[in-house]
Amino acid sequence: MDSPQKVVDHQPFCLSLKCFVKTLRLVVTVASMIFFIVAQAPEPYIVITGFEVTIILFLIALYMCSLDKTMRSFFWPLLDVINSVVTTLFMLIVSVSALIPETSTMIMVGGVFGFLTVICTVADCALMCQKLRFRPHGPYQNRSATDVDDS
């Protein structure tokens, strides 16, 4: 008698909530960067937001091409969480710095979009932490005794 095959419930990245949150994060960060560029804000504002846009594009490309499943040497969800924490700190500092002094309206709008980036980044971090907590994979997954016998 044939053994039952495992049903894999695989949803492509483009249709997942993670993709929606990352895309929203990318759009809001790009909007913040555009406002900073148009307002000729201080260079650190533009550089930090540009750096964040580059990292988000890299992560979206990584997940779209399923390279996180191919390159097993890194634990990608943990790197994504660390990136989200660092992005939250940097964008919070940039947004507060843009809103505190009396600046132009465009810089203030860029700061507001920076705060929206922080909110999207926290949501992305919470989503990744939930994935780490409830669905571990790879060498970090707890294996049962029956899984060890099958190997």
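Glycine residues also receive a Cβ, built from the backbone N, Cα and C atoms like all the rest.
Annotation comment: Swiss-Prot describes 13-133 as domain 'MARVEL', evidence class sequence analysis. Mapped onto DSSP helix, strand and coil, the domain 'MARVEL' (13-133) counts 104 helix, 0 strand, 17 coil.
Residues annotated as N-linked glycosylation site in Swiss-Prot: N142.
Among the features that Swiss-Prot reports, transmembrane segment is placed at 19-39 (among others).
Annotation comment: Swiss-Prot describes 45-65 (among others) as transmembrane segment.
According to Swiss-Prot, the transmembrane segment annotation covers 74-94 (among others), on the basis of sequence analysis.
With a threshold of 8 Å between CB atoms, the same-chain residues lying at least 6 positions outside the transmembrane segment (107-127) that come near it are 17-18, 21-22, 24-25, 28-29, 31-36, 39, 41, 45, 49, 52, 80-81, 84-85, 87-88, 91-92, 94-99. The transmembrane segment annotation in Swiss-Prot covers 107-127 (among others) and is backed by sequence analysis.
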